[in-house]
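Scroll down for the structure; my scribbles are underneath it.
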Amino acid sequence: ETNYKQHRRTPSSSSTLTYSARDDDDGMPPISTPRRSDSAISVRSLHSESNMSLSLLFPIHMLIYVFKDPVITTCGHTFCRRCALTSEKCPVDNSKLTVVVNNIAVAEQIGELFIHCKYGCRPAASGKPGAFEVDPLGCPFTIKLSTRKDHEVSCDYRPVRCPNNPNCPPLLTMNLEAHLKECEHIKCPHSKYGCTFIGNQDTYETHLEVCKFEGLKEFLQQTDDRFHEMQVTLAQKDQDISFLRSMLGKLSEKLDQLEKNLELKFDVLDENQSKLSEDLMEFRRDASMLNDELSHINARLNMGILGSYDPQQIFKCKGTFVGHQGPVWCLCVYSTGDLLFSGSSDKSIKVWDTCTTYKCQKTLEGHDGIVLALCIQGNKLYSGSADCTIIVWDIQTLQKVNTIRAHDNPVCTLVSSHNMLFSGSLKAIKVWDIVGTELKLKKELTGLNHWVRALVASQNHLYSGSYQTIKIWDIRSLECVHVLQTSGGSVYSIAVTNHHIVCGTYENLIHVWDIESKEQVRTLTGHVGTVYALAVISTPDQTKVFSASYDRSLRVWSMDNMICTQTLLRHQGSVTALAVSRGRLFSGAVDSTVKVWTC
């Protein structure tokens with residue numbers, strides 16, 4: 001008794017069905033369901049027909065098309081996949097046919113259709129090709145189309161051959177066991193080694209007791225196994241040889257092609273040599289003109305036309321901190337102990353001695369994402385990360401003392417003032433009261449239009465940068481008191497001097513506003529990449545603003561005359577972070593290094 005659903009039918013030799021196969025399975029028994037004349041079947045029509053009694057057998061002459069692998073096309077109709085792929089247009093509305101998705105519902109309905117077991121059918125007496133009739137001596141079951149193969153594999157009426165001798169008459173599966181007990185053609189299992197015994201079941205068992213090959217069967221089996229291994233190895237070697245031959249042919253073709261390309265390149269090189277010589281002469285003339293212009297500019301600088309030129313104020317790279325395994329995204333200086341903290345994509349914070357050893361003192365680990373922001377308040381270091389947390393570190397012990405789940409998105413920037421910590425993320429700034437090692441959420445500043453990537457606290461004001469906007473907040477009331485509109489995309493960096501508000505943007509620009517009037521006074525150009533960071537060094541005589549950019553350069557700007565006085569080019573990747581301490585400038589970059597600049 002099988003575990004799939006089947007029904008016993010009443011054989012009727014007069015029932016004749018014509019079957020026209022639409023798949024690759026030859027000998028498919030007829031399906032017991034009426035034919036649909038339309039070549040395209042909509043899902044709705046098929047669903048309505050599914051309510052018919054599909055298990056009924058129709059003892060009438062009919063033409064059945066097997067509709068397998070149904071797919072829905074762009075026109076909304078359902079076709080078999082082969083028709084959809086071979087036909088260019090829908091026969092119903094003449095639209096182009098493109099397969100969208102398998103029609104699982106229709107496929108399941110088709111699988112529920114009942115068919116005769118193919119071992120319960122025989123060719124019709126009319127002799128018409130593709131016509132079958134019920135065989136009263138065959139399998140009496142009708143089965144679901146989806147379980148057809150499972151049934152036919154185990155069907156008692158499936159024809160089989162005697163495994164002992166192909167000359168034995170054809171058998172049904174149900175009769176095979178009885179036949180094997182009476183078969184007179186049973187061979188010795190060692191016949192392939194030369195044993196000539198042929199007999200029935202009784203003489204077979206007697207023969208095995210005296211067969212000379214039976215005692216050697218283990219040795220013979222081992223020999224067969226070894227021979228099989230050798231055949232497999234030989235076949236593998238043949239494949240390897242064929243592969244090597246094909247590779248040799250391809251290499252030969254590539255060598256010929258390379259020789260031809262080399263000849264062409266030599267020809268092109270000869271043609272371009274004269275042109276390069278002419279270009280070189282032109283470049284030399286341009287260089288001479290540039291040198292003349294630079295001499296003229298230097299003369300103007302020394303004469304005071306563009307501002308005083310002080311050779312002692314030229315910044316030079318004095319060293320490089322190496323140790324991070326990923327881009328450096330933020331820097332912070334602890335002046336009391338001459339420590340520099342750097343945060344990186346490697347999820348760590350490194351502590352550098354900038355006074356005596358100039359080496360990494362310790363690596364702080366605790367974040368599960370990129371370290372994007374660093375800030376110091378008192379003897380505590382605060383770090384913000386792409387893992388949406390802020391970690392509090394004790395600078396004296398360099399140990400983690402607290403972790404706060406701060407935002408639902410990465411913490412992009414941090415700044416502290418008035419015993420409060422400000423953290424910027426997507427469209428939000430959170431204000432935290434600092435209570436020992438704890439952070440108590442005081443307020444959330446809203447009304448921001450994009451990521452807050454820049455925060456600066458100066459005196460009694462907080463400056464925040466988002467998309468083409470700088471908002472100025474009163475730190476005491478935590479209310480927005482002014483809004484500066486910018487251009488050039490998102491604001492990535494902000495710096496505040498005694499007289500100016502400066503911001504760097506996504507589109508390479510640096511905007512400058514007067515801090516009192518809030519009027520924009522200048523737009524500084526020169527960078528050819530996003531201005532990621534700004535820093536300020538002020539002396540009684542002058543104020544310098546440093547800018548770091550995606551273009552791998554740092555620029556030094558004199559805020560007295562708003563000109564670039566120096567371009568620093570030493571990093572091998574985008575410069576992303578700046579920090580200043582005691583007249584020194586520190587720059588972090590995507591090349592995983594931190595460089596130290598001094599006059």
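The backbone N, Cα and C atoms fix where each Cβ goes, and this holds for glycine too.
Keep in mind the model is a prediction, meaning the values are calculated, not measured.
According to TrEMBL, the region 'Disordered' annotation covers 1-39.
What TrEMBL lists as compositional bias 'Basic residues' is 1-10.
Look at TrEMBL and you will find 66-84 tagged as domain 'Zinc finger RING-type eukaryotic'.
Outside the coiled coil (241-268) by six or more residues, the chain places nothing with a CB less than 8 A from a CB of the stretch. Residues or ranges marked as coiled coil by TrEMBL: 241-268.
Beyond the ends of the repeat 'WD' (321-353), by six or more residues, the same chain brings 359-365, 367-376, 381, 383, 385, 393, 395, 398, 573-574, 576-582, 586-596 to within a C-beta distance below 8 angstroms of the stretch. Annotated repeat 'WD' per TrEMBL: 321-353 (among others), in sequence order.
Sequence-distant neighbours of the repeat 'WD' (364-403) (same chain, 6+ residues past either end, Cβ-Cβ under 8 Å): 326, 329-334, 337, 339, 341-345, 347-351, 409-416, 419, 421, 423-425, 432, 434, 437-439. Positions annotated as repeat 'WD' by TrEMBL: 364-403 (among others).
The repeat 'WD' annotation in TrEMBL covers 484-523 (among others). Model confidence over the repeat 'WD' (484-523) is summarised by a mean pLDDT of 92.
Per TrEMBL, repeat 'WD' is recorded for 524-567 (among others).
Residues 312-322, 324-333, 335, 338, 340, 342, 344, 352, 354, 529, 532-537, 546, 548-556 of the same chain, all 6+ positions outside the repeat 'WD' (568-599), place their C-beta atoms under 8 angstroms from a C-beta of that stretch. Look at TrEMBL and you will find 568-599 (among others) tagged as repeat 'WD'.
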Long-range neighbours of the repeat 'WD' (524-567), counting only residues six or more past its ends (CB under 8 A): 306-307, 313-315, 492-500, 502-512, 573-580, 583, 585, 587, 589, 597
